[in-house]
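Asks: Just passing along the structure, written as structure tokens.
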Amino acid sequence: MAVSLDDDVPLILTLDEGGSAPLAPSNGLGQEELPSKNGGSYAIHDSQAPSLSSGGESSPSSPAHNWEMNYQEAAIYLQEGENNDKFFTHPKDAKALAAYLFAHNHLFYLMELATALLLLLLSLCEAPAVPALRLGIYVHATLELFALMVVVFELCMKLRWLGLHTFIRHKRTMVKTSVLVVQFVEAIVVLVRQMSHVRVTRALRCIFLVDCRYCGGVRRNLRQIFQSLPPFMDILLLLLFFMIIFAILGFYLFSPNPSDPYFSTLENSIVSLFVLLTTANFPDVMMPSYSRNPWSCVFFIVYLSIELYFIMNLLLAVVFDTFNDIEKRKFKSLLLHKRTAIQHAYRLLISQRRPAGISYRQFEGLMRFYKPRMSARERYLTFKALNQNNTPLLSLKDFYDIYEVAALKWKAKKNREHWFDELPRTALLIFKGINILVKSKAFQYFMYLVVAVNGVWILVETFMLKGGNFFSKHVPWSYLVFLTIYGVELFLKVAGLGPVEYLSSGWNLFDFSVTVFAFLGLLALALNMEPFYFIVVLRPLQLLRLFKLKERYRNVLDTMFELLPRMASLGLTLLIFYYSFAIVGMEFFCGIVFPNCCNTSTVADAYRWRNHTVGNRTVVEEGYYYLNNFDNILNSFVTLFELTVVNNWYIIMEGVTSQTSHWSRLYFMTFYIVTMVVMTIIVAFILEAFVFRMNYSRKNQDSEVDGGITLEKEISKEELVAVLELYREARGASSDVTRLLETLSQMERYQQHSMVFLGRRSRTKSDLSLKMYQEEIQEWYEEHAREQEQQRQLSSSAAPAAQQPPGSRQRSQTVT
């Protein structure tokens, strides 16, 4: 494919800072090559990389400057499509661009994250503080004001970038601004009074963390939780309706029994049945009535059958169905959003001389801004991979794959099949035999047998251990035998496959890690290093290798590994809810729970602490539930986790209620409902991921789901010379052409006319979804095209009514 070196003019031009149209280039171009009248709206005066068509600095009126502006704007559009940013937040002038670039770099993201974490961690030092971390009021209030000032600076940069109108339209930013104002007022009041007051609004500090760029997964989770709420609330109301009906019925049936405290009042009936829904008080809640009338058990059996086994499972089914629909709609929305972003970028990259596609010159300019760390060789390989028709220009159809292809990592394909192919014949035969051995089924099943025997041996050894010191000062012979076998296996695989191929497998990395830890455990036993004895306990991890034997187990484990990043964001989402409830709990319930605090309640024994003499010794009877308190943020987190597990959670609730009022139960019940929502979403997410993978495997039985995506491209020597000549004419010697020079020198050294490169990347769920919904995707594209055509007609009909100044255009007119 030839590389064009001639100059051209952008079909769409952006404006300079003053808002005027750029001057026509004085290069002898004809009228058809002059800039069009529908140019852009801002200029870029701080471009770090000059255009390929210029040897150095270019004036604002030159074609090179116009291209540089278009390159950066096109790159911004691609980033907005990738990050799912709305196009109405696109920078509209030079000042907005400067603020946009400042707000979209990792230093700014780290500043956002550090500020949010500082505000959250201040709860460790503010009253009620963790004893070891307590700070003076002046110190923590000053730190809070400093962090809030940083947030003000962040919002000012966003205001400069977005403009006042767009800033007000951005809901999350307005919520963050409102919380910032409240936090500012409270911090100043604390600093002036030198005294902390009730600050429930500290629970809203989480918004600063949620708004961070690095917490995009948390924002998606929260959005899905809110989107799943309508059907969830419908089933929840049905659940509460039956609960109230049964509470009224239970009150009339069991309140005459004076020994039954669970149904003495209607309030107690509702609370008892709410707790019964979690099974935390069963069968205790049934026993007083059951002792008087055995038929009373029917009431509780029917209630649990309806509420726990039917409605709760119905709740999960409804949320799962809603979650599936949300995931599909989210994929469709993001897919069309990316497609629109690509169309915006494409319109900025085509030229007046070549409106049919993007030349390599324009593509290279785009990639300098979109992927600045990508080398010149990788840019050209990306262009080649996109160019399906092998023509000098990229069509819009080819350019639609930019996100998938730009993520590939390129490496030269080795001519030899194995790492040892160039060794002397004797060594080659030895290593080839080892390669055949480690790839054979017999070797693999032998290692599975060794792992199984090792597991049984560890189990027998554990059964034979008695209490006390579990670690002998002498190294067991079985440990040496199995570790030797694993070490030999590791050596054979590295020798037969080569270090690179060996470490490219996730299972091999796991085997290597477990073997290394087993060796460290051997050293800990041999050298009597007691603090490191815990490493020995990791030996049973080898048993996980047995899961590779069955395909279903492999699918489960692969799904689990795929879910880990998303599960981390879901865990962080749950921690955010924990933080908010912990702050509220500290403000209302701090210091009210202590030993012997609840002697008048039904759970007094759980909080009782007393000692008495039995014979000649003193016996201490201690109820440990007083440790479940809200005296500081750490204790609150532990207490909330115990409430999440729900075992005996009502004891904590009743202990707090006995010291405050019955309204305190609303806090605990609300927390249970919120955690039930989050946990249901987590379960629905796991089910959706597993079911999706199973359906994909059934639909695409011949495809390799786990192999990742690989693309192969060949570069000829003539192409390399042309690309290098292009770079020399444009910028002279440049560091990003080093790999191109290395490739060319390698071709000359081995007298090759071409070289093959492999592009690899891991397969994402988006890739699986593209294949899973490929029939529907074409319908989505057609529907999207019809909507764009309708918008284009509306824009053209409204154009005469509102005359635009010459050379100006709105963002929405870039691509309709």
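Quick reminder: no glycine exception, Cβ is built from N, Cα and C everywhere.
A quick note: this is a predicted structure, and the numbers were derived from the prediction, not measured.
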Asks: Of the residues Asn599, Asn695, which is given the N-linked glycosylation site tag by Swiss-Prot?
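Replies: Residue annotated N-linked glycosylation site in Swiss-Prot: Asn599.
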Asks: Would Swiss-Prot have Asn105 and Thr177 facing the same side of the membrane, if we go by the names of the topological domains it assigns?
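Replies: Same domain label for Asn105 and Thr177.
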Asks: Swiss-Prot tags one of 13-40, 769-796 as coiled coil - which one?
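Replies: Checking Swiss-Prot against the ranges 13-40, 769-796, the coiled coil one is 769-796.
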Asks: 10 Å Cβ neighbour count around Asn599 (N-linked glycosylation site)?
Replies: 10
Asks: Averaged over the topological domain 'Extracellular' (287-294), what pLDDT does the predicted model reach?
Replies: 91
Asks: How big is the gap, in Å, between the Cα of Asn616 (N-linked glycosylation site) and that of Asn599 (N-linked glycosylation site), rounded to a whole number?
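Replies: Answer for this pair: 28 Å between alpha carbons.
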Asks: Is it true that the transmembrane segment (113-133) and the transmembrane segment (574-594) have 3 or more Cβ pairs under 8 Å, skipping pairs fewer than 6 apart in sequence?
Replies: yes
Asks: Determine the Cβ neighbour count for Asn616 (N-linked glycosylation site): the number of other Cβ atoms within 10 Å of its Cβ.
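Replies: Taking all protein chains shown, Asn616 (N-linked glycosylation site) has 5 Cβ neighbours within 10 Å.
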